[in-house]
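Colleague: Mind having a look at this structure? Questions to follow.
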Amino acid sequence: MMPFPVTTPGSQQTLPPPKRYGISSPISLAAPKETDCVLTQKLIETLKPFGVFEEEEELQRRILILEKLNNLVKEWIREISESKSLPQAVIENVGGKIFTFGSYRLGVHTKGADIDALCVAPRHVDRSDFFTSFYDKLKLHEEVKDLRAVEEAFVPVIKLCFGGIEIDILFARLALQTIPEDLDLRDDSLLKNLDIRCIRSLNGCRVTDEILHLVPNIDNFRLTLRAIKLWAKCHNIYSNILGFLGGVSWAMLVARTCQLYPNAIASTLVRKFFLVFSEWEWPNPVLLKEPEERNLNLPVWDPRVNPSDRYHLMPIITPAYPQQNSTYNVSVSTRMVMIEEFKQGLAITHEILLSKAEWSKLFEAPSFFQKYKHYIVLLASAPTEKQHLEWVGLVESKIRILVGSLEKNEFITLAHVNPQSFPAPKENPDKEQFRTMWVIGLVLKRPENSDVLSIDLTYDIQSFTDTVYRQAINSKMFEMDMKIAAMHLRRKELHQLLPNHVLQKRKTHSTEGVTLTALSDCSLDLSTDSEDSMSVPLPAGTMKTGPVTGSSQGRNSPAPAVMAASVTAVQVTEVSLQQGTPSESLGGASSESIPQTASQSALLPPPKATVARVVSSTCLVNHPPRPSGSTATNIANPIVGV
């Protein structure tokens, strides 16, 4: 059977109009060529060593574990129904079900990945039942380990390891007497009369199911998404919490590409992905379907109504009601980094198409530690492993606030946080201490009419640490000896904290001289100065902070005062700024026009206003007046002697 209808010469057959996927007509309906099939097979072979495909035996084990969990849910709901004296006829058909979402539901999970699950219960089962009697039932099961409940989370969850597989279980109670086996969670009427926590819990399943429903070919979508997720992780741009994109956002970008090229297979779709999103006119939103109003009075993403939505830099809108922007954490810097990676990806896939490179080149990681001349290193430390896990999670969730603050500095062009964290050497080898560090690369801008650049980052870092400590104290998580330290290091000084195998220079994807596209479409040269022209007469500035009681050291702090430390200063002499030329289109010129939605112009403010507002809205902390330089105290560099 031929995959596409063929009209013989002279026949009167008329082809039906092509099915439209998404909000616009497809760019191309071209069928795969033999070369595309060969390249797709080569892509599969390249992906295999990375562990992105799970063995059939492991997949069957997951299915078995989920079946056991599903039976536990049904059994538990029957017990709850009996304890609440429901009629026997209802009890026999009460149901209850485990749904999955995320990478497992999309069919793109990797070896050893966890499973995101949702427990759906009828109306007479309360959330409190889930966190008490169901929790107790799980505790008694012999295959359940590492059981913990996070009831106070934004989306409450029970975490566990079931038969060696990590599972996160959310809970949603529907306004139904029974839960049928064929329940379709995409039905918007299910959201009526639900509390907001249940709606949030349902959102993951609803979005995942909508994505699968909106792509032309699920197998082509899955293989393409596996490749793009691996590429994003290799290039350190896979992290929603740090301002890049998370799994669902990458899935929606791939789904949009599939809609625009409905007959293409994975090798073509990967290349078209880079073409589409290297040329996308952000902040035009990426939409998989037209937003629909359901009159359920739930907040949805709409910049015409919500002023805060107008500041989003890279909106990717979830297809299920209530529509939300999955990328509200994206900052000026992270967007610039991702767009440049899209352009690099386009250039590499063009080489692959011309047989000048192999697929493996696409998954070679650029060396972040050779990319910039200046870095800020953040260190989080705690005395015990349990405290360290909690502390690291909180600090990491707030790093984007520091990045936003740095972006506002007139002499910082780019602040690029590496999503990968690293273990930090101990300050005291004889003392039990757990330390983690993150590294932020900086691109600096020389001031006009001056050869010396001096940047005081004390205030920015102090505001960041204030925010972290304040939240830790308010959430009653803070313990003594939980600390944050920050320091400036030049590239050649990174070896004091990071091992050589992390810092080793790689020949691939050198960024020296590569340009980045800024909001104003100006070009930024990553190599803003020569290593030899740098001079830092002061010791690498550090800031160590910790909450104390008593004097606030001249700062107004709503929480127990946070004692400030040193000035973080960078002085640059003989800064040589190379004039970068605008980025040229990589991978060859393309005549394809990337469709931006007709309705987007009505959804978005004028571009100039958007840029102005974004620049003024990047800082998320209300600052007290800036302290004078005399109030800061210099502290010796803690890395000396490491």
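A Cβ is built for glycine as well, from the same backbone N, Cα and C atoms used for every other residue.
Predicted, not measured: the structure shown is a model, and the values here were computed from it.
For reference, TrEMBL lists these features for the protein:
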type: BINDING; residues: Phe101, Gly102, Ser103, Thr110, Asp114, Ile115, Asp116, Asp168, Lys229, Tyr238, Gly247, Val248; note: ATP binding site
type: BINDING; residues: Asp114, Asp116; note: Mg(2+) 1 binding site
type: BINDING; residues: Asp114, Asp116, Asp168; note: Mg(2+) 2 binding site
type: COMPBIAS; residues: 578-602; note: compositional bias 'Polar residues'
type: DOMAIN; residues: 22-215; note: domain 'Poly(A) polymerase nucleotidyltransferase'
type: DOMAIN; residues: 220-364; note: domain 'Poly(A) polymerase central'
type: DOMAIN; residues: 367-433; note: domain 'Poly(A) polymerase RNA-binding'
type: REGION; residues: 528-559; note: region 'Disordered'
type: REGION; residues: 578-606; note: region 'Disordered'
Colleague: When you measure from the Cβ of Asp114 (ATP binding site), how many other Cβ atoms are you left with inside 10 Å?
Modeller: 15
Colleague: At the level of the C-alpha atoms, what whole-angstrom distance separates Phe101 (ATP binding site) and Asp168 (Mg(2+) 2 binding site)?
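Modeller: So the alpha carbons of Phe101 (ATP binding site) and Asp168 (Mg(2+) 2 binding site) sit roughly 10 Å from each other.
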Colleague: Which residue counts does DSSP give the domain 'Poly(A) polymerase RNA-binding' (367-433) for helix, strand and coil?
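Modeller: Looking at the domain 'Poly(A) polymerase RNA-binding' (367-433) with DSSP, the answer is 26 helix, 17 strand, 24 coil.
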Colleague: For Gly247 (ATP binding site), which residues in the same chain are close in space, meaning a Cβ under 8 Å from its Cβ, but six or more apart along the sequence?
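Modeller: Expected: Gly102, Ser103, Lys229, Tyr238, Asn240.
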Colleague: Count the Cβ atoms, other than its own, that fall within 10 Å of the Cβ of Asp168 (Mg(2+) 2 binding site), considering every protein chain shown.
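Modeller: Taking all protein chains shown, Asp168 (Mg(2+) 2 binding site) has 17 Cβ neighbours within 10 Å.
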Colleague: Could you measure between Asp168 (Mg(2+) 2 binding site) and Asp114 (ATP binding site) for me? Cα positions, answer in whole angstrom.
Modeller: 8
Colleague: How far apart, in angstrom, are the most distant Cα atoms among the ATP-binding residues Phe101, Gly102, Ser103, Thr110, Asp114, Ile115, Asp116, Asp168, Lys229, Tyr238, Gly247, Val248?
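Modeller: The ATP-binding residues span at most 21 Å between Cα atoms.
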Colleague: Compile a sequence-ordered list of residues in the same chain as Asp116 (ATP binding site), six or more apart from it, whose Cβ lies below 8 A from its Cβ; state 'none' when nothing qualifies.
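Modeller: The list for Asp116 (ATP binding site) reads Thr100, Phe101, Gly102, Ser103, Tyr104, Arg105, Ile167, Asp168, Leu170, Gly204, given in order along the sequence.
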Colleague: So for Ser103 (ATP binding site), how many other CB atoms are inside 10 Å of its CB?
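Modeller: I get 21 for this one.
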Colleague: Could you tell me the mean pLDDT over the domain 'Poly(A) polymerase nucleotidyltransferase' (22-215), as a whole number?
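Modeller: Result for the domain 'Poly(A) polymerase nucleotidyltransferase' (22-215): average pLDDT 94.
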